[in-house]
Every structure is written in C-alpha cells, then in structure tokens.
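Peer 1: Could you have a look at this structure, given as structure tokens, before my questions?
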C-alpha cells in the first residue's frame, strides 16, 4: 500500500470523483483527442510525473522486501520480483490504455480509476450495463479498504519501531499494544487535517527522514558479512504465497496511477517505450530486487517486516534510523488517510445538513482512526499483516480489475486474433484470485500461529550490550 502514499501531495487532488468535474465535450469529428482538452497550463510536466510515480512506488514497502525474499529464496526471489514488477507494469498499462479508449468513445478529457470502470460497463456489453454503478462503487470501496488497511499497517510499524528503541534503551518490557495506543494520539490530530496544502510540509520532512533512513540502513547492510551458503535458492511451497503477497503490497501503486496520468500536460508520454511508466518501474524493480536480495543475505531468517527493525538494538545510529522512519510514516499518515476519507465523504455528505459537516467529519475521522487502532492491536505483527493486505486488496485492484475492465471494453470484436486478449485476461484474473486466496490463507495462518503476547526485543537488546 500500501507504498503510494508519499506522492499524494505532489499534485492536487481535491476529489477522486473525477467525473464530477468533467462535462462531456461535444465534438462532431470522428476522431476525438482527449489529450487536447487537458489543462496545458497548470498540468504536470513529464519529468514531474515521472518523479511522482517513482516516489509513489518507492514508499516504505521497499523496507519489507528482505522479508519477501525470506519467503522465496535468493533465486526465486529475484525471478519473482522481476515477474511481479512486469505484471504490475503491464496491468497499469492496460488500465491507462483502457481509460484513454473509453475517454475517446464518450468524449471526455480524462477519467479516474473508478470512473473508468463505471463508463466501460455503462457503454460496454448489454449484460454489464446494469452493473456500471456497482463497478464504480466496487473500485471506490476497494480503494478505501486498501488505504484504511495500509493505515493499520502504518500504526503497527510506528508502534513497533518505538517499542524496539524505548524498551531496549530504558530496559522496559512494555507490550506492543501499549505503544499502539500511544501512536493513536498523534494520529488522531494529523488525521483531522483536510487540506492537502497543510500536509505538504509533513510530506517534505518525511521524505528527508526516509532518505536518511535508507542511507543508514544501507550502511549497516553492507558492513555485515554476506553469507550465501545457508540461503535456499527457492523456499518451501507453503511460503511462496506470502512472497507474492508481500511484493504486490510493496510494489503496487495502482491507486495513484490515474491521478498522475490525469494531471500531465503531455499524457502521451505516460505510456510507450520509453515512457514515464516504463522508466519509473524499471528503477523501482531494480531497487526492490537489490534491497530485498542483500537485506535477506545479510540478516537471513532473522529478517523482519521492515529491514530497519533488524538494525542493531541500542546502537545510536540504528536507533536514529528506526525513529526517523517511524516519524516519516507518522508524518505521512495524514496523506494516507486523506484519500479514503475524501472518497467516503463525497458519498455520504449529502445525508447531513451543511451546518453539521465539520462536526460530522471530525467525529467520522476520529471513529475510523480508533477502529484502525483496534485492528492494529488485534494483529500487532507487521510481517503477516503486510502480506494479508497485499493478498486481499492489491491483487484485486492491481491485477483483477484492470484485466476485467479491459475485457469489457474490447468485447466482443476487439479481442485480437483468436481472442488472445480474452484468454490473456482470463489467465490474469485467475492468477489474481489465486493470489488472493493463497496469500490471504497463508497470512491468516501465520497470524494465528504467532504468539502476540511475548515481546521479543528485550533479549535481543542485551545481545548488543
């Protein structure tokens, strides 16, 4: 998920309901060019779009990649990371390409993710047209669930980082759930910010903290001896679903793709070869594979849900990295929280009188943050939680929905020779469902089997004294 949140303030998104800001453009020519009706003055440049997409995909998920390699093995991890990277890139490609196609068909400049699904169903096969509103609500609901679930992961990460440092340095034995409760206090305040402009400074500080943390982490990783002999080339079959779920969680940034593309002055540069998408994902996959491979080689079976949590206990530089990363996640919590709340508020605000909107929003945000904290306290283990979120939400949004929507748009006469696009998309949908079932099952079993009641870091602390 999470992993897309750091880019949300880089471009203005007052609402994810793009169709509310679009009027269908009337044009009698056979060829309608949606790009010609984009905002050429205030739009995002190709370079900035590249940086936004790169930053959205290079979030904190990269820190979970060594854990993914633990569940894959060194050879399968490299091949699997490359394969998932290609798959995610391809699914983004077909989603954007389908969005361009439906924009030409209905003559509008741009559409968001949910609106693309809605319009494809609305103007697609007759049997699907009655499901157009369901398609929009499904995508919106999945986006909200994804970001809320990622917020729960963030709370666990922040609490775990502070627990490891404070318990070790002060020789305490406070439980992780106590730190989750403490983490909710600043989250309750940051989560009330509704203006993206006010969140930009937090994002800028967080980006600085992330860079420093990466530098410290790389310093420790490459200062350790690299041991290859005890690492399997491929892990047990029962572990592989956790690998795919973790990599999908770390790499998938489907929720931010359409906002980036829609904000571009020259959206023609988003797809193609070379292109914004291809170049950004090439860098992303390379960095993810590098961090995952060397992080696993360095720490082996002891690797944790974030590589920062493997840094030495009690070492000032390592403690600084853990705290800075926790603060970076905390400072971007408002951005993470902004998107699902914006979608939710658009859907429900008409039920309340305008004079009560402010109070309702405060109450709503408070309740959601408290529920997120409750979920985090119920599953306070970072490793299986990340895999569960990746398996359930990102497999649906990142793979299943783009494949299904493209099929509906091309049906029935544009599916290629021997309907190869239909066959290809059926395979992708099956893979997404299998990833969902296998990944979520393995993650839930992992959650059940973990003993949540024994804080593990005290003994580890003394090992570094």
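Glycine is no exception: its Cβ is also placed from the backbone N, Cα and C atoms.
According to TrEMBL, the protein carries these features:
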- 43-444: domain 'Amino acid transporter transmembrane' (DOMAIN)
- 49-68: transmembrane segment (TRANSMEM)
- 74-96: transmembrane segment (TRANSMEM)
- 138-162: transmembrane segment (TRANSMEM)
- 174-191: transmembrane segment (TRANSMEM)
- 198-222: transmembrane segment (TRANSMEM)
- 242-260: transmembrane segment (TRANSMEM)
- 280-300: transmembrane segment (TRANSMEM)
- 320-339: transmembrane segment (TRANSMEM)
- 360-379: transmembrane segment (TRANSMEM)
- 385-405: transmembrane segment (TRANSMEM)
- 426-448: transmembrane segment (TRANSMEM)
Peer 1: Against which stretches of its own chain does the transmembrane segment (74-96) lie, if we need a Cβ under 8 Å and a gap of at least six residues from its ends?
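Peer 2: That would be 65, 68, 113, 116, 228, 231-235, 240, 243-244, 247-248, 251-252, 254, 257-258, 261, 270-271, 277-278, 281, 284-285, 288-289, 292-293, 296-297, 398-399, 401-403, 405-406, 428.
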Peer 1: Below 8 Å between Cβ atoms, which of the listed ranges 49-68, 138-162, 242-260, 385-405 makes the most pairs with the transmembrane segment (198-222)?
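Peer 2: Result: 49-68.
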Peer 1: Below 8 angstroms Cβ to Cβ, which residues of this chain, lying six or more residues outside the transmembrane segment (320-339), approach it?
Peer 2: 2, 5-6, 8-9, 13, 16, 60, 63, 143, 147, 150-151, 154, 157-158, 161-162, 164-165, 183, 186-187, 190-191, 193-194, 196, 199, 202-203, 205-207, 209-210, 212-213, 216-217, 255, 306, 308-309, 311, 365, 368-369
Peer 1: Using Cβ atoms only, state whether the transmembrane segment (385-405) and the transmembrane segment (242-260) have three or more pairs under 8 Å that are 6 or more apart in sequence.
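Peer 2: Contact criterion met.
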Peer 1: Do at least three CB pairs under 8 A connect the transmembrane segment (242-260) and the transmembrane segment (360-379), leaving out pairs fewer than 6 apart in sequence?
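Peer 2: Contact absent: fewer than 3 Cβ pairs fall under 8 Å.
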